[in-house]
């Protein structure tokens, strides 16, 4: 093994920024998440709304990718994507998904499990037109998850559409939209010294959230 690679793989550190106690937790995991999200924002962590979305295909092969959190309330979170994408095809066959927020700078991570469902088109349309015009055009320029021969094909298509819609409203793409994830489980992880981390899991039983400490 290369010496530099070996050094990288053997490198570790102590997690000593904070701790997490049960009496600090909110009754609802999404309310707790909002607190941590605000603290992540104050810490100036880049891309705090980036979350790793996990899905499974029809052969039980798991996939992960980054998507952006765009809405949250006490029951659900929402993200947007192309309905012809790989992730959308997975969700069509299996609505069970996972969401992971890795906030390493704070020695924290949050894991959500839940079920994905398309949101109403009126809500999708409303959000679509809050995006920048270039972002609206990019939806039309990219056939997401499809193989392309070279980058210039994508760039040329974007520039062509940008010119076409220079003085026009970009049409709403019916093949694009949002998913709400109804949360069924949530785990909060806070790194601690000696790898004795704090972990708490929320499980919904009979419409009520129950909180349990997990061994690290």
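Quick reminder: no glycine exception, Cβ is built from N, Cα and C everywhere.
Pulled from Swiss-Prot, these are the features on record:
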BINDING   65-70, 80-81, 86-87, 109, 144-145, 189, 199  FMN binding site
BINDING   70, 127, 131, 135, 195, 196, 197  substrate binding site
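Mapped onto this structure are the features recorded in Swiss-Prot.
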| residue | record | DSSP class |
| --- | --- | --- |
| 65 | FMN binding site | strand |
| 70 | substrate binding site | coil |
| 86 | FMN binding site | helix |
| 109 | FMN binding site | strand |
| 131 | substrate binding site | coil |
| 145 | FMN binding site | coil |
| 195 | substrate binding site | helix |
Between residue 131 (substrate binding site) and residue 80 (FMN binding site), the C-alpha gap once rounded to whole angstrom: 11
By Cα-Cα distance, the member of binding-site residues 67, 69, 80, 86, 109 nearest residue 197 (substrate binding site): 109
Shortest C-alpha distance to residue 135 (substrate binding site) - which of the binding-site residues 69, 86, 199: 69
Pairwise CA distance, residue 145 (FMN binding site) versus residue 70 (substrate binding site), rounded so that it is a whole Å: 21
Binding-site residues near residue 127 (substrate binding site) (Cα-Cα within 10 Å), from 65, 67, 69, 80, 86, 199: 80
Pairwise Cα distance for residue 199 (FMN binding site)/residue 70 (substrate binding site) [Å, integer]: 26
Rounded to the nearest Å - Cα separation of residue 195 (substrate binding site) and residue 109 (FMN binding site): 15
Residue 70 (substrate binding site) versus binding-site residues 80, 86, 109 - nearest by Cα: 80
DSSP state at residue 80 (FMN binding site), helix/strand/coil: strand
Residue 196 (substrate binding site) and residue 86 (FMN binding site), Cα-Cα, nearest whole angstrom: 38
Fewest other C-beta atoms within 10 angstroms, as judged across 65, 195, 199, which are the binding-site residues: 195
Rounded distance in angstrom between the Cα atoms of residue 196 (substrate binding site) and residue 69 (FMN binding site): 30
For substrate: widest Cα to Cα gap among 70, 127, 131, 135, 195, 196, 197 in Å: 44
